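Here TrEMBL flags 12-31, 38-55, 61-85, 92-114, 150-167, 196-215, 235-256, 268-292 as transmembrane segment.
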């Protein structure tokens with residue numbers, strides 16, 4: 001119970017949730033436009049690698065690494081766009097192919113660029129400065145969320161409200177939503193489905209590139225095979241449960257981040273609980289969240305239950 005009110009645990013939860021939320025933004029845009037994007041894991045992996053490669057070649061400059069990751073991953077996501085938008089491939093099959101491609105491609109490039117396998121650790125990285133305002137020290141929760149956090153965390157928090165405004169108040173956001181609800185109606189209204197879908201796929205790549213850059217240079221200082229560890233699928237879970245509301249998605253990712261932070265804390269305290277059990281916490285929570293969402297939706301549709309889940313979208317994976 002003490003951990004629920006521990007400022008350091010909440011600060012760690014925010015840091016861990018940041019790449020999840022960035023990836024979830026990309027997944028949310030695709031979902032709103034009618035694209036089931038499960039290639040998020042692969043996009044983040046590519047973002048991690050590109051950022052580490054650019055930082056290594058540019059004297060440790062993380063800002064350049066992040067820019068390179070955003071641009072490079074957006075370019076990589078164009079392959080997915082080509083498959084699902086241009087050739088109308090099955091979204092799930094295309095996503096699996098992209099995830100497999102990212103693993104093989106980064107393994108090959110790690111050997112070619114760094115002349116190593118499995119792991120490359122940055123030795124000359126210039127960590128990003130941390131945000132701090134003295135007057136926030138006396139406000140426990142706000143202090144934990146904002147002070148001594150990377151500027152990427154602040155950007156991500158701001159993006160919650162930017163995304164909400166974009167989807168609800170702008171012409172572009174309304175077009176994205178209309179396309180996801182009915183492609184035929186969107187065409188009748190003069191909306192170009194291909195143009196909108198291309199844009200959301202590229203934006204999802206950019207968001208995942210930033211998520212990968214943050215993961216590889218702020219949370220860690222390395223690139224290793226398997227370092228993404230299913231974060232893309234966790235981000236998709238957050239979108240399913242958070243629905244069309246970026247604030248809801250943010251709260252779900254914070255919940256996952258909190259579960260991860262508690263796991264790390266418990267392991268550091270030496271409670272004797274096996275680390276393998278602790279590392280399962282976020283994934284068990286993801287399964288619980290999906291189960292609750294599915295059951296409540298089914299019962300609500302049958303008219304026997306009226307709990308309204310946060311997810312209001314339709315996710316047909318066939």
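Sequential numbering from 1, following the chain as shown.
Cβ atoms here come from the backbone N, Cα and C positions, even for glycine.
Keep in mind that this is a model prediction, so the values were computed, not measured.
Using a cut-off of 8 Å between Cβ atoms, the transmembrane segment (196-215) and the transmembrane segment (92-114) share fewer than three residue pairs, counting only pairs 6 or more apart in sequence.
Counted over residue pairs 6 or more apart, the CB atoms of the transmembrane segment (150-167) and the transmembrane segment (38-55) come under 8 Å in fewer than three pairs, which marks the two as apart. For the transmembrane segment (12-31), same-chain residues at least 6 beyond its ends with a Cβ under 8 Å from one of its own Cβ atoms are 37, 40, 43-44, 144-145, 149-150, 152-153, 156, 159-160, 163, 176, 180, 200-201, 203-208, 210-212, 214-215, 218-219, 231-232, 234-236, 238-239, 242, 244, 246, 249-250, 253-254, 256-258, 260-261, 264-265, 313, 315. Only residues 6 or more beyond the boundaries of the transmembrane segment (92-114), in the same chain, are considered here, and those with a CB under 8 A from a CB of the stretch are 36-39, 41-43, 45-46, 48-49, 53, 56, 76, 79-80, 83-84, 120, 223, 225, 232, 317.
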